[in-house]
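Undergrad: Take this structure, written in structure tokens, and hold onto it; I'll ask about it next.
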Amino acid sequence: MSKPITTASGIPVADNQNSASAGVRGPLLLQDFHLIEKLQHFNRERIPERVVHAKGSGAYGIFTVTHDISRYTKAKLFAAVGKQAETFVRFSTVGGEKGSADTERDPRGFALRVYTEEGNWDLVGNNTPMFFIKDGIKFPDFIHTQKRDPQTNLKSATMMFDFWSKAPESLHQVTMLFSDRGTPDGYRHMDGFGSHTFSLINAAGERVYVKWHLKTQQGIRNLAAADAVRLAGEDPDYAQRDLFGAIERGEFPRWDVKLQVATEEQLAEWEARTGWNPFDLTKVWPHKDFPLIPVGVLELNRNPLNYHAEVEQAALSPANVVPGMGYSPDKMLQARLFAYHDAQLYRLGTNHQHLPVNAPRCPFHNQQRDGAMAIANGGAEQNYHTVEAGGSQPQGLGHGEPALALHGGAGRYDGRGQEDDYTQAGNLFRLLPEQEKQNLFANLAGPMSQISDEIINRQLGHFDKADPAYGAGVRAALKARGRNIG
Ligand code: HEM
């Protein structure tokens, strides 16, 4: 039987098809509160979309610890093999708006939340182990080049390649973006990466640095560029449909969660040998230097019931690490530690952590009170903290973390021209099978054939430095499109 319709205050609605009017023809009556409430709420349905990663899909699941890493971290989640915790994951594209196509060439967000007994651990990563830039101060500029031109309101290959060609540190990720990995076949067939260097702290207060990896058990599958373009028209919600449908059918996607681990001394030795800063997000830690160790399994097995409440209003942040975990000096990570909560205060409001998808699944106590939409407002608990008071005492974030040694004085350091932006990009290029190299050339030549000779030449210079065959291949692909660049 259908449920009776009520107002938001629970009052049964007499008639939801005919507004109350003065006479058969109207005008309408101000006292038709149900009509007014209905129109008012409709007018307020939209909230700001995420400034990046606006188009996304979410699902709940379970994280299971399969291997003992308690020698590295005292996080209670990892205290015993077999421990489980509930999770939420939101996948996304980056540059497009909330209604944009799922198959766009773009990195994919892979944002994992684990509801641990010590609070929410969020690993807000991508499907790529590196990023385009290494300093968060460039992030708004970079993202603007991925959005719309301020005058034409069109996406612009000129803006993108102007930026990339003047930021050679982007070459590593540009190479991945224009390879087949730039158009994954839905969200189930791609890996996830925490990307940054994070840290773990054990019960003895010792720190190691780590990188998190999520390896798809479904196998990597990418879309051919032409199929991605076709699907953008035929089924712009392709990845959402694929994920939701698979979970409804009981085909629960799984990822093996793995770690690269290094001590501070090992990283210092590696940096001396390679010249690469281990906290530079445009670089990876090669597996041969830091092999993957197994940690656990992530399974997604439950679709949210309500997209807006649970996926759109999800608010994940890389700042959310639990005791036994820590950050690193990575300048990108440091900027992100500020950016997410701030964005969510604007996008969702002061008390967004009270929403069910965001609230921790463990007891929590603080002295934050009131503000719009306060739901979990502390009840009758004391609303101030003193050292002497018997209430909750600080013991979480940073607790027992060893001091971080600093290098050099406070200042702005420009590493341009001194850092190696090319070797790892070249290594990635050389790893690609021949057909994938050809795809890379063609995928780059598409947008590059629309831009000026000056920008093309600057970008080709970077490809040449990564590998002469890389530059030659893109030149040939450009020539095939009628752009004959020397
Ligand atoms: C979302 C900022 C770099 C992955 C966001 C949001 C902001 C932001 C403001 C929207 C948050 C929200 O409204 O909930 C930044 C800044 C960066 C940066 C300032 C650089 C300094 C990165 C990097 C990665 C990443 C390097 C991946 C390794 C994501 C993901 C989301 C996101 C996956 C979507 C989270 C979700 O699904 O709700 N970013 N970001 N971002 N960012 Fe970043």
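If you go along the chain as it appears here, the first residue is 1 and each next one adds 1.
Here the Cβ of each residue, glycine as well, is placed from N, Cα and C on the backbone.
The structure displayed is predicted, hence computed values, not measured ones.
In case it helps, TrEMBL gives these features for our protein:
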ACT_SITE  HIS53  active site
ACT_SITE  ASN126  active site
BINDING   TYR340  heme binding site
DOMAIN    6-393  domain 'Catalase core'
Undergrad: Specify the count of other C-beta atoms within 10 Å of the C-beta of TYR340 (heme binding site).
TA: 19
Undergrad: Including all protein chains displayed, how many Cβ atoms other than that of HIS53 (active site) lie within 10 Å of its Cβ?
TA: 22
Undergrad: What residues, ordered by sequence, lie under 8 A Cβ-to-Cβ from ASN126 (active site) and sit at least six positions away in the same chain?
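TA: Sequence-distant Cβ neighbours: VAL94, PRO107, ARG108, GLY109, PHE110, GLY192, PHE193, SER195.
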